[in-house]
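**Q** Okay, handing you the structure first.
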Amino acid sequence: MDSIFHEKQEGSLCAQHCLNNLLQGEYFTPVDLSSIAQQLDEEERMRMAEGGMASEEYRTFLQQPSGNMDDSGFFSIQVISNALRVWGLELILFNSREYQSLMINPINEKAFICNYKEHWFTIRKLGQQWFNLNSLLTGPELISDTYLALFLAQLQQEGYSIFVIRGNLPECEAEQILGIMRVQQQQRPRLIGEEEAQTIALGQSEMGFGVEDEVVDEDEELKRALALSRQDIDVEDEEADLRRAIQLSMQGSQAAGSAAREQREGHNETLTAEELRKRRQAYFDRQ
């Protein structure tokens with residue numbers, strides 16, 4: 001599998017990836033395809049000019065953006081077709097009546113190019129096995145002969161345009177290696193987006209652990225708060241005991257003079273909260 005050339009998606013350069021995965025090498029760059037697109041645009045402009053450069057149709061044509069490429073990196077079927085002509089390769093519409101009338105089994109072909117909503121990708125036979133070389137996949141996907149026809153039918157139902165590649169494809173390392181051995185694929189490649197989604201999910205999971213840690217921290221803070229509140233309760237209980245102790249101590253020798261004075265004055269003194277606080281503080285100071 002490592003011998004198979006597989007360009008992964010970059011921007012909207014799927015047409016470039018499709019061609020290079022088909023030819024099994026870095027044969028085309030965006031600059032190459034742009035040059036072909038500009039040449040096609042110029043040919044179309046010259047044909048439109050034949051009707052008169054002052055015509056409304058010609059002025060409208062000049063105002064319209066190129067139909068062969070755009071700034072995102074998209075290239076038309078005309079660009080792809082012209083690029084393949086350099087290698088003596090031809091595109092034939094797979095679901096056309098002319099081709100279907102030939103009743104050719106798909107497994108007897110060499111390669112297919114598929115397009116849907118401006119996305120291009122290649123299905124190619126290497127050795128005796130078929131591979132889905134979609135640039136949106138993390139790697140080549142092995143397709144059995146039995147599944148190939150079903151896969152093509154599924155693509156047609158989903159709205160794909162499928163083109164058969166006719167002509168001699170250039171030699172490549174993968175063709176030579178897979179011509180003498182067959183490969184098995186234990187795990188199918190995923191879509192690049194699925195990897196990104198998994199990365200995001202892992203990130204969210206890590207964030208989730210962070211949230212859980214925050215919850216644990218909050219639980220710890222709550223425990224500490226409860227402990228402090230219990231300490232406060234204990235302090236309040238101790239203060240209550242202290243009040244009783246102070247009152248009892250007041251009955252002892254330390255409070256004898258005050259009690260005598262109270263008796264001499266002929267009335268009992270009622271301790272205020274402030275007086276109790278002062279005496280309690282005095283007790284702590286002595287401790």
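Easy rule for this one: first residue shown is 1, then count along the chain.
Keep in mind that glycine also has a Cβ here, set from the backbone N, Cα and C atoms.
Below are the features I grabbed from TrEMBL:
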- C14: active site, nucleophile (ACT_SITE)
- C14: active site (ACT_SITE)
- H119: active site, proton acceptor (ACT_SITE)
- H119: active site (ACT_SITE)
- N134: active site (ACT_SITE)
- 251-260: compositional bias 'Low complexity' (COMPBIAS)
- 1-180: domain 'Josephin' (DOMAIN)
- 250-287: region 'Disordered' (REGION)
**Q** In whole Å, how far does the CA atom of N134 (active site) lie from that of the residue listed as 'active site, nucleophile'?
**A** 9
**Q** Write out the long-range same-chain contacts of C14 (active site, nucleophile), meaning residues 6 or more apart in sequence whose Cβ is under 8 Å from its Cβ.
**A** G73, F74, E118, H119, W120, F121, S135, L136
